[in-house]
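**Student:** Below you'll find the structure I mean.
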Amino acid sequence: MPFRATVLTLYPEMFPGPLGVSLAGRALDRGEAVLETRQIRDFGRGRHRAVDDTPAGGGAGMVLRADVLADAIDAASPEGDGRPRLLMSPRGRPLTQSFVRELAAGEGALIVCGRFEGVDERIIEARGLTEISIGDYVLSGGEIAAMVLLDAVIRILPGVMGNDQSGVHESFEAPFLEHPHYTRPAEWAGRPIPEVLTSGNHGAIERWRRAEAERLTRERRPDLLRRGAGKTNGDDL
Ligand code: SAH
């Protein structure tokens, strides 16, 4: 069974968007992953199919209604559907490669995209939504965040990356950021490729890459090293 993602959104026309090209696009074309969208407004209330209302207690903006979202979720993922239910949210658990791997190993995901001020808190509890954040900044909606998550998941699904090795040495798959890459021409704008990479000495190349990965991680993301050698980024969440 392919990985199946169901995205609940007020803007289904945003999909597949960037997921329709390159690696993810090919995976969707070949059926290695399935992406479906559901229009939350189809479950709106009244003649105008209202999906939101003013915040209880006052304040700016609008809040997505729990009853509307419940109907949308229940229609998209009936009882017994084992897929995790996610809500894209800046308050959520930070998205990491280890969570991406966990999702990719499963059947798929139901993803709710917030808009406006967010969603009525009661739907999170009542439908067991796991809040996931893609970073410490605020987007105008959950759609782009959902695409980020799905792009990360789809590229590591079995068979999607041509060379199965190409996922192994990347940033976050080890406790280190990835080493630098070079390609032809051998010299460009007065800058040669580091000699070791053209030496043909595979042991030396491997040692150089490892040393560079460690150096970059120490310089840029010492927090990854503190999370524990031998552990993968995010395993301690
Ligand atoms: N008032 C909210 C922000 C709402 S932004 C707050 O301060 O927390 C509107 C929607 O965009 C959210 O419901 C969420 O679905 C999405 N969103 C915004 N920033 C996000 C982020 N960093 N990660 C994931 N989703 C995000």
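Positions of Cβ are set from backbone N, Cα and C atoms, glycine also.
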**Student:** For the S-adenosyl-L-methionine site that TrEMBL gives with ILE134, GLY135, ASP136, TYR137, VAL138, LEU139, which of GLY114, GLY159 also belongs there?
**Tutor:** GLY114
**Student:** If you skip the near sequence neighbours and keep only those at least six away, which residues in the chain come within under 8 angstroms of TYR137 (S-adenosyl-L-methionine binding site), Cβ to Cβ?
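**Tutor:** Counting only residues 6 or more apart in sequence, the Cβ neighbours of TYR137 (S-adenosyl-L-methionine binding site) under 8 Å are PRO90.
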**Student:** Please list the binding-site residues from ILE134, GLY135, ASP136 whose Cβ falls under 6 Å of any atom in ligand 1.
**Tutor:** ILE134, GLY135
**Student:** Across all the protein chains here, work out how many other Cβ atoms are within 10 Å of the Cβ of GLY114 (S-adenosyl-L-methionine binding site).
**Tutor:** 24
**Student:** Across the record's S-adenosyl-L-methionine-binding residues GLY114, ILE134, GLY135, ASP136, TYR137, VAL138, LEU139, the largest CA-CA distance in angstrom?
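**Tutor:** Per the listed residues, the maximum Cα distance equals 16 Å.
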**Student:** Which whole-number mean pLDDT does the model give the domain 'tRNA methyltransferase TRMD/TRM10-type' (4-226)?
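**Tutor:** It averages 96.
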